[in-house]
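Here is what TrEMBL says about this protein:
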TRANSMEM  141-163  transmembrane segment
TRANSMEM  175-191  transmembrane segment
TRANSMEM  203-228  transmembrane segment
TRANSMEM  258-278  transmembrane segment
TRANSMEM  377-395  transmembrane segment
TRANSMEM  415-433  transmembrane segment
TRANSMEM  454-476  transmembrane segment
TRANSMEM  488-507  transmembrane segment
Amino acid sequence: MPKKKPVNLPGDGTAALLPVPPMDNWWWLSHKGTTTSFLCISLFALLIRSAVSMFPYSGAGTPPKFGDFEAQRHWMEITTNLPAIDWYRNGTHNDLTYWGLDYPPLTAYQSYIHGILLRVFNPESVSLFSSRGHESYHGKLLMRWTVLSSDALIFFPAALFFVLVYHRNRAKSGVAWHIAMILLNPCLILIDHGHFQYNCISLGLTVGAIAAVLCGSEVLTCVFFSLALSHKQMSAYFAPAFFSHLLGKCLRRKNPILSVLKLGIAVIVTFVIVWWPYLHSVDDFLMVLSRLAPFERGIYEDYVANFWCTTSILIKWKKLFTTPSLKSISLAATVLASLPSMVQQILSPSDEGFLYCLLNSSMAFYMFSFQVHEKSILMPFLAATLLALKIPDHFNHLTYYALFSMFPLLCRDKLLLPYLSLHLLFTLIYHSPGTQITLPKTKASSFSFTSFPGYRFLLRTHFFISLFLHVVYLTIQPPQKYPFLFEALIMILCFSYFVMFAIFTNYTQWTFSSHFRSADKEKKRI
């Protein structure tokens, strides 16, 4: 039985015994304040990132083109040795067939800054031509430090900004747990510090923009999100949410046209500053723009758990349709999948609805847009971490399947041990005593697939199949006729969960609509 403590009742001064709430194992952090909690968890998160960075990376020791590590190093080589106008142009000093820059200018500037650092401490790692495939110990150490420092300088402060704004009027009991979920994001750690990329920069700028929305600074939102788009074009996964939420708020003001114009100017000015070297001629601008849309790679890469790849088992999209046709079809499908969440935010904008809209629009892009990679799951998963307190059970399941969807990629990179370790770490933190989140019984939070018959059985079946596939993938060779059989099975399993998750989050977002709530009240009166 729970312990009880005496509490003085108002009026007659008598005392009554009330149950004592269960001990919160995070109290030693949360009672000292959000900033202190954040600093303590940040140090641990940096330690975990450093440990993961000791393992292999994408393309380690596999010539002639190696992998993502070599791509990032090569961009530092190009940006530090050639003028900015030649960074995206094919030529004798910049062969675009060998890891040509295919991200917006802010990525190029980031590569330049990091390249300067490498040139100071390890010049041979960025020397033109002779550094191709460079894998010296000091070169690799410096490269790893550039990712770690980018995380610490951009993603961590943005996460602190979000936490301070999001929890300013909330109970502090779940703050430390929420910080841990954001900073110990296993997918981001494995991709950036294992596989090797700089998603922490674009995602950090996006989180900063989200926090700016929550604190009512819309101009700052536009600046941050424009910077995120100028770093990685995949930030467009969140664009429908930002657009619809800001438009919905502007339409409710006395002078909506002036409000929209102000935000438009902030976006244009930010883009002009970032893109300035390539705005002097139409050809230069189109040259960069053409590098950002790799349509020649096809509608998806590898066995990614999205709609096109999963259904291609039965429908051979690449054979039935031309690339231009597939571009139009995928665009229409992405817009249609994003439309419900966008309409809800235009009709009834709210902070919580905006967070769900971010999740729904990014999931729509992941499942239906053109040219999707396994790593794209980072976008919807980031949005889910921000909502971890609202959908703890679904967030737990999403984490599992988001990681599992990248399992073949991480195995190819020889990151099995970090994959298993981070899985275990997440599970321990998520299920640690004192972190059980109790949600109010509202319409938005009470709906769950658990109310459907057989859902729990389906979820358990999914889980046991996934465990079986883990073992099979690591121990058994697939049939020669179907060399990617196990990847396909993993893809189908993860996609089926992502579909259920997307249905749940879209429904939940609509419960924040004032029209939905008023209709619900009318039903109760009847």
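Cβ atoms are placed via backbone N, Cα and C, with glycine included.
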Stretch with greatest number of CB pairs under 8 Å, the transmembrane segment (203-228) reference, 141-163, 175-191, 415-433, 488-507 candidates: 141-163
Spatial neighbours of the transmembrane segment (377-395) far in sequence, C-beta under 8 Å, 6+ residues away: 162, 166, 174, 177-178, 181-182, 185, 187-188, 191, 199, 203, 206-207, 210, 234-235, 237-238, 305, 352, 355-356, 358-359, 362-363, 365-366, 402, 405-406, 437, 439, 445, 448, 501, 504-505, 508
Close approaches to the transmembrane segment (415-433) from elsewhere in its chain (Cβ under 8 angstroms; 6 or more beyond its ends): 22-23, 25, 48, 51-52, 55-56, 177, 180-181, 184, 186, 189-190, 194-195, 396, 399-400, 403, 407, 474
